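If you check TrEMBL, you get these features:
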- Arg96, Asn150: substrate binding site (BINDING)
- Cys171, His201: Mn(2+) binding site (BINDING)
- 196-408: domain 'Glycosyl hydrolase family 4 C-terminal' (DOMAIN)
- Glu112: site 'Increases basicity of active site Tyr' (SITE)
Amino acid sequence: MGKGLKITVIGGGSSYTPELIEGFIKRTAELPVEELYLVDIERGKEKLNITTELTKRMIAKVGLNTKVYQTLDRREAIKDSDFIITQIRVGGLKARASDERIPLKYNAIGQETTGAGGFAKALRTIPVILDICRDIEELAPKAWLINFTNPASIITEMVLRHTQVKVVGLCNVPIGMINNVAKILDVDSKRIRIDFAGLNHMVYGREIYLDGERVTSEVLTKLGEGASLTMKNIKDLQWDKDLIRSLGMLPCPYHRYFYMTDEMLEEEKNAGEGTRAEQVMEIEKELFKRYEDPNLQEKPPELEKRGGAYYSDAAVSLISAIYNDKGEIHTVNIRNNGAISGLADDVVVEVNAVVNREGLKPIAVGKLPIKIHGLVHAVKAYELLTVQAGISGDYEDALMALISHPLVPSIKAAKGILHDILYENKGYLPQFSKL
Ligand code: G6P
């Protein structure tokens, strides 16, 4: 590196793009972005136009000379990129709504990452990300792929197993948890450090520190007494005091689906406002109306209604840590390599890692306590089986993955869910076309 950077955002027409641009603008002194390519597909052209124009206005406002390009030619964009960010949603929000609804018919959680809905999303996304990776291997083999596309754990796992691409899976949940804890303690988030370990959307805060002093039990007591710990896309149901006390660790907001399954299922079934996808469709309409305003030159506050708020902090600070060889600690999805003993070395985990230009080194946490070991292992098994099914397009592989999901109640439900997923997603599952 050394010269100005070429950064490519695949899924540039996403409503999250202004979030990302704000991240680059904040770190312009340390990150010389020379070219920024926003890529999308034909169907996303209109949204891409809008996000590109807003990006140009945001960049002009702060006087940067980053060149911004919009294109439907993914290969042109990928060629010689230094960093490639994937933030795509195959099938759009319509497919997400179907993912969220199908499992509900069978008394299973529909959630688009953690629930059986995430399984459908993984099957649709795997072939597309695989294709993108083939382009990266050919046209930008040295590039880092920063993957935000959900289900992030499964997608990162697939990239590491089936391609040569240098990938890091990223999520805003760890940053969200740090911000949440800071709020609970009423302190600046820079003073908080959390020892994270687990899987994406299944990560635990094993210890919490304020200015280096351990404050785990103080935070957990407050959480048990009703303090909030959630993301915008997850109903803020109160945590069970006894659960938190016996866990002795900070759960992540998504753990509600595992520890409070019946209440979350009721929530999903009775959501008067529609599934999260249906709510997001409304929020998006408003957002794009705002983005179109030629006077808008910054990220509008309405974007904070989205679950992925602040994701640019995670992405851009990570890119800067790699580029500037900072040796900083970031929470990322990478190969385990012994960080969590008891899990295979070659599986993807979400842990703290030291970030340098040469790569990322996970910080060893030893064995997971037995109270979380089983759940983490079960979800990892489901993820590995899902990668296999997403590649093979084999009915048996898919069924085995679904029935291994801890939130799928029975084989009857698994068969029903799989049948509906295959039917509803026909145009998006080329790997299953032989069925
Ligand atoms: C969370 C997750 C992301 C997810 C997002 C959904 O914060 O960490 O993985 O994509 O929420 O938010 P949305 O507003 O689309 O429901």
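Note: Cβ is positioned from N, Cα and C throughout, glycine not excepted.
For the pair formed by Glu112 (site 'Increases basicity of active site Tyr') and Arg96 (substrate binding site), distance between Cα atoms is given as 7 Å, rounded to the nearest Å. Long-range neighbours of Cys171 (Mn(2+) binding site) (same chain, six or more residues apart, CB within less than 8 Å of its CB): Phe148, Ala152, Asn200, His201, Tyr311, Ala314, Asn333, Glu350. Among the recorded positions Arg96, Glu112, Cys171, His201, residues whose Cβ is positioned under 6 Å from ligand 1 are identified as Cys171. Counting every protein chain shown, the Cβ of Arg96 (substrate binding site) has 25 other Cβ atoms within 10 Å.
Asn150 (substrate binding site) counts 24 other C-beta atoms within 10 Å of its own C-beta, drawing on all protein chains shown. Across the domain 'Glycosyl hydrolase family 4 C-terminal' (196-408), the prediction's mean pLDDT works out to 96. Under the three-state DSSP scheme, Arg96 (substrate binding site) falls in the helix class.
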